[in-house]
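As recorded in TrEMBL:
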BINDING   B:LYS96, B:LYS144, B:GLU177, B:GLU178, B:LYS179, B:VAL180, B:GLU185, B:ASN263, B:GLU264  ATP binding site
DOMAIN    B:100-293  domain 'ATP-grasp'
Number of protein chains: 2
Amino acid sequence: MVGGGQLARMTHEAGIPLGIRFKLLSDTPQDSAAQVVSEVVVGDYRDLDTLRAFARGCDVITFDHEHVPTEHLRALEADGVPVRPGPDALVHAQDKGVMRAKLGEIGVPCPRHRIVSGPEDVVAFAAEGVPEGTEGDGFPVVLKTVRGGYDGKGVWVVRSAVEAAVPFRAGVPVLAEEKVDFVRELAANVVRSPHGQAVAYPVVESQQVDGVCDTVIAPAPGIPDALALRAEELALRIAKELGVVGHLAVELFETRDGRILVNELAMRPHNSGHWTQDGAITSQFANHVRAVLDLPLGDPRPRATWTVMVNVLGDDYPDMYSAYLHCMARDPQLKIHMYGKDVKPGRKVGHVNTYGDDLDDVLERARHAAGYLRGTITE
Amino acid sequence: MVGGGQLARMTHEAGIPLGIRFKLLSDTPQDSAAQVVSEVVVGDYRDLDTLRAFARGCDVITFDHEHVPTEHLRALEADGVPVRPGPDALVHAQDKGVMRAKLGEIGVPCPRHRIVSGPEDVVAFAAEGVPEGTEGDGFPVVLKTVRGGYDGKGVWVVRSAVEAAVPFRAGVPVLAEEKVDFVRELAANVVRSPHGQAVAYPVVESQQVDGVCDTVIAPAPGIPDALALRAEELALRIAKELGVVGHLAVELFETRDGRILVNELAMRPHNSGHWTQDGAITSQFANHVRAVLDLPLGDPRPRATWTVMVNVLGDDYPDMYSAYLHCMARDPQLKIHMYGKDVKPGRKVGHVNTYGDDLDDVLERARHAAGYLRGTITE
């Protein structure tokens, strides 16, 4: 696996019972996954020679993040190394311009969007969104760098031509999107193997704070069966049309009028699937491993009525140890997942999962534990 | 953790979400746990200097097996290294003579037993077991080496003075025990932390084949509540009286007349607790880690009506890969746990867990998968 973050850490954990020998390409020996994996190569994933040396002896290469240059992936494939997901699929999770073009082509509903080349272009894009016969300039508009963004980075909500100038300063391509009037965000997680077997997890509700995933509720409360089915089918269709191998997370907007629009794609285990570790028969990590190795997939169904995941972000309190003890003592059913990272403000350092029959109780327990670990709740 | 077997492998797996950095002392770099752990020291646990060097920088030392010499553990403790379970507790799992003496002292029901020094002694011991007014020589009798036995090794069922000579050939102390007329074997698994918090898992039924654990059913089918409670209380009392820290497995005989007698003790995660990985809220491995680090313990209650564990033993078919694919395809709910070991006849190379509401179905699925992996079932 390329990338030593928490996704690699948890993928290794899930691979142990499957008897999988896991090799890691990590930026540093201290990275989250490097702390727990036996075979670690420290090196730069942007360097093709490093990638080639790492790939030697691997049966398959997969990823903790989307940042490996597409051309390097093609070079590895040309060397005969199975790369899963392959570069032709992964590019849709790397480049939002390519993703929007492809989803449009296969008829998947997306927010209105266009590649823009400067603030005037953004003003024109905004104006086109003003319904006929109404006033206004069409702002706010969402601007995104087409490559390299994550967790709210590389995303701007701009309200004027002046604000629209900011994203262009880096000189990278920018995608403009309408700001969708959504009632909530959903995520449809599916896993697909090379020979085309696919499974769909229940559609979840994903709550963001400052552009970063905070809480995930599985399944999405009150979601009509037809809408859930539509979202699952959409994700399965995207996985198939794009040739995804492994885990695919489709982040969705649920609009006020009951439609779903695709927001983002991720082709790796995803924060919106962390609940599956304790809430599903087979976790997203185990199914990602099974898919990339072309093993039969495991049952994605839930084990509990409700499962809630809340991220633990770092705050101003670097030592979580006493909070960690408190949370375990307060709730012996709490499932804690720590990433072995130093605490820094805003950094994802872990998450907690809770499950049960009473959603209010399950939510309270997860939120209390995450808040206590973060230091924002002290009693 | 001292010892690189599957128990260390699964303990590391359980420690990852807790954020635990795991260091391993392994006989070889290929051992089951050494394949998946970041920090591995290869060395001989019988060598005190090796143990001392390994212990440097560890917050606590624990064990995958009971074979570290008691005097070395005392030396480590004298160096100021927390050893959990400590030597005063662990000796009861290392030395069956010490264990029987202690259990007798605290009033725990055991099979009739005595340290014997030769075949004549065994004949006398056997004769004492013949009920007054009945005929017979009192054989069969069970003979055990007091140290070093496991999985049926170091245990003999002897039927005559001639057979009774065999165990004495090695020149090590031998314990004679009555052969208990049991209806089944049970196991009571408990975990205790240094400050005395303790949890009890449901009492399970353990089925042995040729002295090796084959199937575990959780909870023990049809067990009367009073008997289950008695077994749990017994295990908790033993843990407390012996000062156990970590996981304690108490293997029990259920007699025809409804009594329970202690067969063996193990102070580490135990084969009779492997079902907890998929069948309990907190696994035995996670609770062992929590206990030895003096973290609050997790909830030991079951997550399913029935959970069944069946061991996968090696047979004459060294390549399990196609069977592994078959089992995952046949039963997407199957939980496979492979140890990364080469297949050798009779060697434990993995286990499977299944769970559900229908015991017959759960048993059939686990037995089919284990038999198919072993190669003894081919359709």
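Including glycine, each Cβ sits where the backbone N, Cα and C put it.
What you are looking at is a predicted structure, and each value in this text was computed from that prediction instead of being measured.
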Tell me which residues of the chain lie with their Cβ under 8 angstroms from that of B:GLU264 (ATP binding site), as long as they are six or more apart in sequence? B:LYS96, B:VAL250, B:GLU251
Ordered by sequence, the long-range same-chain Cβ contacts of B:GLU177 (ATP binding site) under 8 Å (at least 6 apart) are B:PRO111, B:ARG112, B:HIS113, B:VAL141, B:VAL142, B:LEU143, B:LYS144
Of all the Cα pairs drawn from B:LYS96, B:LYS144, B:GLU177, B:GLU178, B:LYS179, B:VAL180, B:GLU185, B:ASN263, B:GLU264, the residues the record ties to ATP, which distance is largest, in Å? 18
Min neighbour Cβ count (10 Å) across binding-site residues B:LYS96, B:LYS179, B:GLU185 flags B:LYS179
